[in-house]
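K.L.:
The structure under discussion is supplied below as structure tokens; questions concerning it will follow.
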Amino acid sequence: MTDLPDSTRWQLWIVAFGFFMQSLDTTIVNTALPSMAQSLGESPLHMHMVIVSYVLTVAVMLPASGWLADKVGVRNIFFTAIVLFTLGSLFCALSGTLNELLLARALQGVGGAMMVPVGRLTVMKIVPREQYMAAMTFVTLPGQVGPLLGPALGGLLVEYASWHWIFLINIPVGIIGAIATLMLMPNYTMQTRRFDLSGFLLLAVGMAVLTLALDGSKGTGFSPLAIAGLVAVGVVALVLYLLHAQNNNRALFSLKLFRTRTFSLGLAGSFAGRIGSGMLPFMTPVFLQIGLGFSPFHAGLMMIPMVLGSMGMKRIVVQVVNRFGYRRVLVATTLGLSLVTLLFMTTALLGWYYVLPFVLFLQGMVNSTRFSSMNTLTLKDLPDNLASSGNSLLSMIMQLSMSIGVTIAGLLLGLFGSQHVSVDSGTTQTVFMYTWLSMAFIIALPAFVFARVPSDTHQNVAISRRKRSAQ
């Protein structure tokens with residue numbers, strides 16, 4: 001990329017900066033949840049909604065982000081995304097109650113939903129096609145550093161300052177990013193088709209109300225009748241979307257996507273798989289602090305080996321899949337992640353704390369292999385005219401399943417424990433033990449989906465398919 005103009009390189013730095021902000025915020029909050037609960041006078045069992053409100057908002061808003069960027073312009077939308085994210089951070093820091101914090105996190109989620117996909121779109125427009133891969137590698141590298149720094153930085157700020165600072169640090173960075181966006185980023189627009197507002201609203205309502213219903217009376221305080229009503233509304237909304245999308249060329253997500261078997265299996269496996277793995281980043285620091293008495297900073301440091309294992313495995317995952325095939329890799333990593341989850345719980349409860357970093361490193365390796373395999377399996381056989389829609393649907397499902405996973409983790413804690421889990425409670429470790437056993441079972445379930453992947457599904461299948469389509 002050395003031959004790119006200076007202006008283009010600065011624009012890439014702005015996109016990379018946005019990726020870093022968004023990825024840092026996904027992990028920096030996890031370590032601070034017990035301290036937030038104490039400060040706000042809430043049970044730790046309710047704090048999963050701090051993550052759910054952000055991730056669910058991202059899932060709901062993702063389908064609209066690309067269309068808005070094409071319609072209004074990438075600079076305008078990227079600037080708006082940074083401003084909303086920064087304002088959300090400010091309101092999070094000023095929150096005095098859990099409900100105020102949840103609303104502020106939702107505002108952050110609107111900005112986060114637009115930041116990454118619009119950033120990718122910007123790179124496509126400002127960089128020559130032959131340099132696109134190198135440019136995307138450059139801008140996504142800070143996004144990989146964010147999860148590495150997030151837990152430790154969050155723990156450090158909580159332990160030596162207060163939890164408010166995990167949001168306040170976004171404000172000066174966001175102001176600089178917003179000014180740089182206005183000054184340096186071009187405002188590309190393009191002709192767009194009419195946005196499927198009806199489909200968007202149906203999906204948004206369906207996802208939101210079903211997630212709220214899943215949280216149950218323990219988390220939301222809704223009565224059983226209200227929860228049943230939410231389930232009914234959510235199911236009706238999703239059924240109406242399916243009817244709306246039939247034979248509709250302008251549908252938000254075409255049902256033709258599901259004619260590709262690997263897409264259907266990959267999407268179902270990704271949804272179920274990320275529900276299980278989505279529990280781990282939330283539960284691990286909570287367990288370390290509340291269940292084992294670790295300090296916030298110590299708990300944050302313990303998360304670093306998991307991120308390092310994930311980053312290191314990305315270098316060889318392609319060779320692993322090509323050697324053993326998608327079905328074997330996905331079934332093995334799914335069952336392996338379940339076993340590693342049990343191993344983590346066992347070593348922690350036995351007091352073998354020096355072993356935990358190695359277990360978390362192994363967990364990161366297994367999880368990364370499974371994520372990469374799920375993503376490529378889902379998208380690799382889609383025809384070119386459906387690839388963009390399929391990628392958007394996968395991105396939405398990834399965020400939705402993570403929010404459901406965190407919700408289920410909070411629900412499990414509520415089922416096995418009282419409303420006040422604390423380090424001083426004699427039954428706390430028992431509560432966490434039953435929760436982790438349940439999580440290991442849920443994590444293993446997608447193996448049944450991945451076992452249906454054809455045994456001859458290798459990466460070269462996608463290559464040969466494209467060659468045939470080009471003839």
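Along the chain as shown, the residues are counted starting at 1.
A Cβ is built for glycine as well, from the same backbone N, Cα and C atoms used for every other residue.
These numbers come from a predicted model, not from an experiment.
Straight out of Swiss-Prot:
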type     : residues : note
TOPO_DOM : 1-11     : topological domain 'Periplasmic'
TOPO_DOM : 33-48    : topological domain 'Cytoplasmic'
TOPO_DOM : 70-76    : topological domain 'Periplasmic'
TOPO_DOM : 98-101   : topological domain 'Cytoplasmic'
TOPO_DOM : 125-137  : topological domain 'Periplasmic'
TOPO_DOM : 159-164  : topological domain 'Cytoplasmic'
TOPO_DOM : 186-196  : topological domain 'Periplasmic'
TOPO_DOM : 218-224  : topological domain 'Cytoplasmic'
TOPO_DOM : 246-262  : topological domain 'Periplasmic'
TOPO_DOM : 307-341  : topological domain 'Periplasmic'
TOPO_DOM : 363-395  : topological domain 'Cytoplasmic'
TOPO_DOM : 417-430  : topological domain 'Periplasmic'
TOPO_DOM : 452-471  : topological domain 'Cytoplasmic'
TRANSMEM : 12-32    : transmembrane segment
TRANSMEM : 49-69    : transmembrane segment
TRANSMEM : 77-97    : transmembrane segment
TRANSMEM : 102-124  : transmembrane segment
TRANSMEM : 138-158  : transmembrane segment
TRANSMEM : 165-185  : transmembrane segment
TRANSMEM : 197-217  : transmembrane segment
TRANSMEM : 225-245  : transmembrane segment
TRANSMEM : 263-283  : transmembrane segment
TRANSMEM : 286-306  : transmembrane segment
TRANSMEM : 396-416  : transmembrane segment
TRANSMEM : 431-451  : transmembrane segment
K.L.:
What stretch, picked from 138-158, 225-245, 263-283, 286-306, has the most CB pairs under 8 A with the transmembrane segment (197-217)?
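P.N.:
Selected stretch: 225-245, with the most Cβ pairs under 8 Å.
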K.L.:
Please report, as numbers and ranges, the same-chain residues at least 6 past the borders of the transmembrane segment (138-158) whose CB is under 8 Å from any CB of it.
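P.N.:
That would be 1, 12, 15-17, 19-32, 35, 116, 119, 123, 165-166, 169, 285, 295-304, 307-308, 310-311.
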K.L.:
Counting CB pairs under 8 Å, which listed stretch among 102-124, 165-185, 396-416, 431-451 touches the transmembrane segment (286-306) the most?
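P.N.:
Per the Cβ under 8 Å count, 431-451.
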K.L.:
Looking only at the topological domain 'Cytoplasmic' (33-48), how are its residues distributed among DSSP helix, strand and coil?
P.N.:
12 helix, 0 strand, 4 coil
K.L.:
Could you put numbers on the helix, strand and coil content of the topological domain 'Periplasmic' (307-341), residue by residue per DSSP?
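P.N.:
Taking the topological domain 'Periplasmic' (307-341) as a whole: 31 helix, 0 strand, 4 coil.
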K.L.:
Counting by DSSP secondary structure, give me helix, strand and coil numbers for the topological domain 'Cytoplasmic' (159-164).
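P.N.:
Across the topological domain 'Cytoplasmic' (159-164), the residues distribute as 2 helix, 0 strand, 4 coil.
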K.L.:
Using a Cβ-Cβ cut-off of under 8 Å, list the residues of the same chain that are 6+ residues beyond the ends of the topological domain 'Periplasmic' (70-76) and lie near it.
P.N.:
118, 121-122, 125, 181-182, 185-192, 195
K.L.:
Six or more residues out from either end of the transmembrane segment (263-283), which same-chain residues have a Cβ under 8 Å from its Cβ atoms?
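P.N.:
Tertiary neighbours of the transmembrane segment (263-283) are 27, 30, 33, 48, 51, 257, 303, 330, 334, 337-338, 341, 363, 367, 370-371, 374-375, 377-379, 381-382, 390, 393-394, 397-398, 400-406, 408-410, 435-436, 439, 442-446, 449-450, 452-453.
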K.L.:
Taking helix as H, G and I and strand as E and B in DSSP, count the residues of the topological domain 'Cytoplasmic' (363-395) in helix, strand and coil.
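P.N.:
Tallied per class, the topological domain 'Cytoplasmic' (363-395) gives 29 helix, 0 strand, 4 coil.
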K.L.:
Can you check how the pLDDT averages out over the topological domain 'Periplasmic' (417-430)?
P.N.:
62
